[in-house]
Amino acid sequence: MAFRRRNKSYPFFSQEFLIQNHADIVFSLVIFILIGLMFEVRYRFNHEIFQWHYGWRDWATILFYFFITIILHAVVQEYVLDKVNRRLHLSKSKNTKFNESGQLCVFHLVSSVWSLYILITEGYLFHPSSLWENYPHVHLRFQVKFFYLTQLAYWLHALPELYFQKVRKEEVPRQLQYICLYLLHISAAYLLNLSRVGLVLLCLQYLSEMGFHIARMFYFTDESHQKMFDVWAVCFVFTRMVTLTLMFLAVGFGLARAENQGLDWDLGNFNTVLIRMTVLLLVCLTQSWLLWKFIRFQLRRWREFRHEQASRKRVAAKQTPRPLKRDSLGQHENGVIKAENGASPRPKKIKAP
């Protein structure tokens with residue numbers, strides 16, 4: 001990536017220079033950090049399973065993987081999506097949306113498989129009661145903590161990518177909405193020690209979003225591919241139902257019956273009525289907003305389908321041949337009047353004067 005050819009060269013530290021070379025600049029910063037990590041630092045460890053909890057030092061890890069995700073974003077864009085775009089010859093607007101769906105499809109695939117693996121290995125998938133039992137879940141296994149930090153790093157990196165990818169101004173508010181929503185929900189699950197419930201919800205959400213972006217990419221390649229959106233619609237409604245059911249079961253009933261009720265910052269316990277109701281309200285509002293957008297999307301698809309069907313009928317009506325005009329005696333053919341059965345009519349006898 002750092003040695004790819006450039007079509008144009010821009011002045012140093014100009015806007016075009018930063019946009020074109022942002023991945024190489026970040027790659028240099030990552031190399032500098034890795035060189036610093038090569039120095040040996042010794043620790044004494046016991047032969048135990050280490051568990052971790054969050055702290056202010058997490059920002060250093062998030063910043064490092066923030067740079068890594070920028071590099072990976074550029075790699076996927078150049079070596080995968082750009083090659084596909086050259087073959088498809090899409091328009092500029094479709095090309096931008098195709099790249100967005102391609103990037104998110106790769107991320108959702110990796111994150112959904114990763115979260116599903118954690119749910120299986122940690123035993124949360126086959127023991128649903130473990131999602132709220134023994135709360136607060138302050139100490140995390142390394143793979144759980146690492147998953148949350150990389151999730152925060154990815155969605156934080158999506159903010160400067162709006163500038164690097166030259167996203168249109170009318171598209172920026174839409175993308176800022178779901179970026180901020182992901183950051184808010186992931187941060188809340190991580191800081192409120194609801195990491196187990198958050199893993200399940202993120203896995204479901206990423207699977208649903210991956211289906212949408214796959215259907216979107218197929219649609220851009222061939223607009224006749226509409227069936228994928230129908231499959232995604234079923235998965236979307238199922239995801240919303242499971243999400244609401246799980247949140248009311250874990251937060252509304254599970255944590256409400258726990259013994260350790262109260263607010264304790266030192267122990268990381270946030271099991272109070274106010275916090276539980278706030279979390280449920282946040283999730284319900286988000287799911288309602290997603291359902292509203294889903295209904296609007298389906299109505300727009302239905303209108304486009306009806307408009308397309310009406311235009312096809314009008315075109316077919318114009319192309320149908322018109323029938324020949326017939327008079328009361330029969331029909332004209334080569335200037336000769338013929339009857340209905342194809343025989344020529346008898347000539348009238350003219351009376352002699």
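Cβ from N, Cα, C; glycine included.
Bear in mind that TrEMBL entries carry predicted annotations, made automatically and left uncurated.
TrEMBL has this to say about the protein:
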DOMAIN    96-305  domain 'TLC'
REGION    313-353  region 'Disordered'
TRANSMEM  21-39  transmembrane segment
TRANSMEM  59-81  transmembrane segment
TRANSMEM  102-126  transmembrane segment
TRANSMEM  231-253  transmembrane segment
TRANSMEM  273-292  transmembrane segment
Tertiary contacts of the transmembrane segment (273-292), as residues 6+ beyond its ends and Cβ separation under 8 Å: 181, 184-185, 188, 192, 194, 240, 243-244, 247-248, 251-252, 255-256, 263
Confidence summary for the domain 'TLC' (96-305), mean pLDDT rounded: 90
Cβ contacts under 8 Å made by the transmembrane segment (231-253) with residues that lie 6+ beyond its boundaries: 128, 131-132, 194, 197, 200-201, 204-205, 207-208, 211-212, 214-215, 276, 279-280, 283-284, 287, 290-291, 294, 298
